[in-house]
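Taken straight from TrEMBL:
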SIGNAL    1-19  signal peptide
DOMAIN    32-146  domain 'Plastocyanin-like'
DOMAIN    158-300  domain 'Plastocyanin-like'
DOMAIN    381-479  domain 'Plastocyanin-like'
Amino acid sequence: MARLLLISMLFLWAGSILMLQGGDPTLFFEWNVTYGTIAPLGVPVKGILINGQFPGPNINSTTNNNIVIHVFNNLDEPFLVTWNGIQHRKNTWQDGVLGTNCPIPPGKNYTYKFQVKDQIGSYIYYPVTAMHKAVGGFGGLHVNSRLLIPVPYADPADDYTLLVGDFFNKGHTSLKKILDSGRNLGRCDGVHLNGKVAKGDGKDEPLFTMEAGKTYKYRICNTGIKTSLNVRFQGHTMKLVEMEGSHTMQNDYDSLDVHVGQCFSVLVTYNQEPRDYYVVASTRFTRREVTATGIIGYKNGKGAASSELPPPPVGWAWSLNQFRTFRWNLTSNAARPNPQGSYKYGSINITRTIRLANTAQRVDGKLRYALNGVSYVEPTTPLKLAEYYGVAEKVFKYDTIPDEPPSDNTKVTLAPIVLNMTHRNFVKIIFENHETAIQSYHLSGYSFFAVGMDVGKWSPEKRMNYNLLDAVSKQTIQWNLRSEIWDRHYLGQQLYASVISPNRSLKDEYNLPEGVLTCGIVQGMPRPPPFSS
């Protein structure tokens, strides 16, 4: 019998905020995207590299920096990258999802321009086309607090990025064929840490090297395509200080469940005997547990890491209880997400409630994943471009799904899913998971408060258990709202919401950028007149 897990969140649509300010620094990057051989599990695979790197280079920025990234697509297929967790105030044109942007054609280039406005935290970027994310094109994206705004912990000795993820040795083209044929991907072949796995033969190079007595910051992100991972440091505890852009209450953890798309920042103090230790990542909620390790070395330390690894937790209830320990740090002075214009989100009147139930069904003999009875299909014209050019009726219909799951949720139709939302409304979204597989959802370009998680079917009485005081503002649970489990995302478990300002004003959103890529039915059409005020 499937367990039913429900997640309640408040998506609170805020008013506009000016994006560009004179004097804010601009960071420039040039990326060459190419194929290259990678072998994180020891098996050569055709991977996707950025400037020859797997994982790709980190973007290290500071709040209010303007970021310009010139991307050259040297692959033989379209490529598009998204900035997971960046809010793109008034500038969703740079979000990098297929409902908004045309992919970069082979041999072409595109320049992203956006500002990390009023944000801090640890994020990732990754490709959204086909199954590219399975073999690379991803990396860390850091937004540091400005020097004048203190963070709620002492400066660490150094700041490191730890990207963990599942890996499939079949390669991205074979994975795509599996999904196109109507099958699921099955279980992963292994797990990597920053593209590597320690062999344990005494010859492994350390991922990081520390000094005894010092404290270091690790930005831990799950860049995989479908598997939740538990991360732990042998012999050391982690102090959680930030997750997905929000400073948290600083609890200590022996291990953390990191679901697909999530990022945590932790502090680790090196106060043990100076020798090597393992950082460990294990699969969660899989029939066969897979574990990978990486070496963390002490400077001038002597002795190999012990083969006795700290054990992972057992069961889904452990992860649910850990989620309940995450709390927002309301005393922090640093920039923090503010989705609804007020930190007292619990007093906001909700104007719309949407309950989404995910299902897995077969349509014409092929596997499809759906939300409220509809499985999303990607049109050739991005939804946002179709709206902007005034041809939306030729591409999609609004409100394809109801706000409540249908009484018969076993019937599935295929269509683009676009919810018609009202500007400045406050929305609550409830996810019901009737399946045995874990779900991980992401809200692209915005953030929300995850106010509750429980078992059983949702009912209004569940509101009694909501955290309406200090729930963490997060972005992983658009408005592209999509499953971070990539086979589910690829086979239809996503939706878009259209939130259009009736004023068509620059106060609410910027005009279509010069040089934006066009495709589908809008390609070659004259540009609509720009907003004037």
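Residue positions begin at 1 at the first shown residue.
Even glycines carry a Cβ here, placed using N, Cα and C.
Predicted automatically and left uncurated, TrEMBL annotations should be read as such.
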* Model confidence over the domain 'Plastocyanin-like' (32-146), averaged pLDDT -> 95
* Residue counts (helix, strand, coil, in that order) that DSSP gives for the domain 'Plastocyanin-like' (381-479) -> 15 helix, 29 strand, 55 coil
* Mind checking how the domain 'Plastocyanin-like' (32-146) divides into helix, strand and coil residues in DSSP? -> 7 helix, 53 strand, 55 coil
